[in-house]
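Peer 1: Supplied in structure tokens, the structure appears directly below.
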Amino acid sequence: MDSSVSSFSSSSTSLGFRSTDFSPPVSDRHPCFQDGGSSPMDHNGGNGRDTPGDSVSEILTRGDLHYVLEDVPHLTEYLPGLPAHPNPLQDNHAYASVKQYFVNVDDAVAQNVVVHNNSPRGTHFRRAGPRQKVFFESDEVHACIVTCGGLCPGLNTVIREIVCGLYHMYGVHKVVGIEGGYKGFYARNTISLTPKSVNNIHKRGGTILGTSRGGHNTSKIVDSIQHRGINQVYILGGDGTQKGAAAIFEEIRRRGLKVAVAGIPKTIDNDIPVIDKSFGFDTAVEEAQRAISAAHVESESHENGIGLVKLMGRNSGFIAMYATVASRDVDCCLIPESPFYLEGEGGLFEYIEHCIKEQGHMVIVIAEGAGQELMSKSIHKLHQQDASGNKLHQDVGLWISQQIKDYFKEKRKIVINLKYIDPTYMIRAVPSIASDNIFCTLLAHSAIHGAMAGYTGFTVGPVNGRHAYIPFHRIIERQNKVVITDRMWARLLSSTNQPSFLHPEHVSDEQNDKNLSIQLVSSSRKENHVEENNVEKLK
Ligand SMILES: Nc1ncnc2c1ncn2[C@@H]1O[C@H](COP(=O)(O)OP(=O)(O)O)[C@@H](O)[C@H]1O
Ligand SMILES: O=P(O)(O)OC[C@H]1O[C@](O)(COP(=O)(O)O)[C@@H](O)[C@@H]1O
Ligand SMILES: [Mg+2]
């Protein structure tokens, strides 16, 4: 068996806000495995669940060897009489021949696949994929798709694949697009989406539906869903959007509606936790290479040339980090997770001077959220937010360009040639690359299979390479950040040779241990050699 997918096979103790007893074996009891298809049982056997309507955020099941399943809700929890039907996929000419096409009902994806002898089995998520039984008949489905937040390469691909997947796999013909993000539910008309109308949209950047920030009014949105007779809601968006999706799901459940809510995580910042990666991220990193290459060419062609590239990354520096490691033309990468300082020993200016003296040029990549604290010390600006409540950053690229120019002109009397490239919107407005298109297709299909099978209140995404249904609360409880004590940041430090920017006076006793590993790498880089045992500490 694949180490990242396991099947639950023991009796269990129920814990958490709601609980599930999986004994006897789930596969005997789950409606998806029942022939009649109209059992009133709930999706885990009608046992141990709280009464419908309770505010629930966690569904935990525990098993042998500390197995934990963090499950997602199912429509039958609050609609216990809901009939199940055979999955029409079994008669689909393309899929009928696939051996074991339907996933086992108790298949789960392990969050942690690195194990030791006797280590606990740990947290698992329900494996995504088609089930033998569905809880919607094809002609009953009225699906809608909405895209929210910032743009991201691949949005149109996901839209296309939801429409085509519903149509071709499940015979669903009623799919509408909500225009302009969440507010479109109550302020705009819907547009009909058919395989024909979406056929070529994956070749375009952006979203054919439009997007927006702000405007999330839960009751107006659910009123609109109810009045339009929509029963499957596919929501594409980042952390803010998934919070909104969670609120919509809770309200739908409170009203007792037969409506499945499926989230598809979208953000080029890659700041969504649990999942391996968000779609469009690879495209953004690829596109960023063009800007970095241009910066490199410019910097190499001028005396004391400095190419400075600003990349997106509000709170997380993944794009900057991956673009840097991929390119190898970058001498310094600055991200929000790794504070830096400008002047003095070990500071940015000293390193820039070292680079231009040694190489004659250098390339700096800076994430938009980096250095914000430094900047606010020198520029006094009111705290501003966008319509969704996200903090609006000041332009760190412009600011740091000016700081570098001023320092070398006034304090070092060195003429430098700095070219600032800001491709931030270019890297997210492009169409997705082929690998992201495949990723988007799988995400769309996983979401469709989950909704058709009656699951709701979930976000779909890859966990250790396997698609899983993840409860909303796990997605929205925190943001994914670059861990500067992990190996990837060490790879970056070793590739750029940049300093760690750990100013001695900023290293508190409490942080000493954490920072030690970074300092070790920083000093060992001078010998062009990173000891394996130090790298181990970076994990
Ligand atoms: N805590 C929240 N509760 C409900 N809706 C939210 C919340 N945060 C953001 N939203 C809504 O989600 C949408 C997108 O959020 P935003 O933060 O702009 O982008 P992203 O989803 O990409 O992070 C907006 O319409 C916003 O109103
Ligand atoms: O100018 P906009 O459209 O608000 O977008 C800017 C933001 O969008 C992002 O690219 C992605 O953010 P979201 O995932 O929240 O959409 C951020 O890196 C950036 O700060
Ligand atoms: Mg966001």
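Glycine is treated like the rest: Cβ placed from N, Cα and C.
A TrEMBL annotation is a machine prediction, not a hand-curated record.
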Peer 1: Which of Glu140, Glu161, Glu179, Glu368 shares the substrate site with Thr267, Ile268, Asp269, Met312, Gly313, Arg314, Tyr425, Met426, Ile427, Arg428 per TrEMBL?
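Peer 2: According to TrEMBL, the candidate sharing the substrate site with Thr267, Ile268, Asp269, Met312, Gly313, Arg314, Tyr425, Met426, Ile427, Arg428 is Glu368.
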Peer 1: To which of Gly150, Gly305, Gly307 does TrEMBL also attribute binding of ATP at the site defined by Arg213, Gly214, Gly238, Asp239, Gly240, Thr241?
Peer 2: Gly150
Peer 1: Using a 6 Å cut-off on Cβ distance, which of the binding-site residues Asp269, Gly313, Glu368, Met426, Arg428 come close to any atom of ligand 1?
Peer 2: none
Peer 1: Please go through the binding-site residues Asp239, Thr241, Met426 one by one and keep those whose C-beta falls under 6 A from any atom of ligand 2; give the result in sequence order.
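Peer 2: Close enough to ligand 2 is none of the binding-site residues.
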Peer 1: Name, in the order they occur in the sequence, the residues of the same chain whose CB lies under 8 A from the CB of Asp239 (ATP binding site) and which sit 6 or more residues away.
Peer 2: Thr267, Asp271, Ile272, Ile475, Ile476, Gln479
Peer 1: Listed substrate-binding residues Thr267, Ile268, Asp269, Met312, Gly313, Arg314, Glu368, Tyr425, Met426, Ile427, Arg428 - what's their greatest C-alpha to C-alpha distance in Å?
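Peer 2: Pairwise Cα check on Thr267, Ile268, Asp269, Met312, Gly313, Arg314, Glu368, Tyr425, Met426, Ile427, Arg428 gives a maximum of 16 Å.
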Peer 1: Should any of the binding-site residues Gly313, Glu368, Met426, Arg428 have a Cα within 10 Å of the Cα of Gly150 (ATP binding site), which are they?
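Peer 2: Those near Gly150 (ATP binding site) - Cα within 10 Å - are Arg428, in sequence order.
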Peer 1: On a C-alpha basis, identify the one among Asp269, Gly313, Glu368, Met426, Arg428 that is nearest to Gly238 (ATP binding site); the candidates are the binding-site residues.
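Peer 2: Ranked by Cα distance from Gly238 (ATP binding site), first place goes to Asp269.
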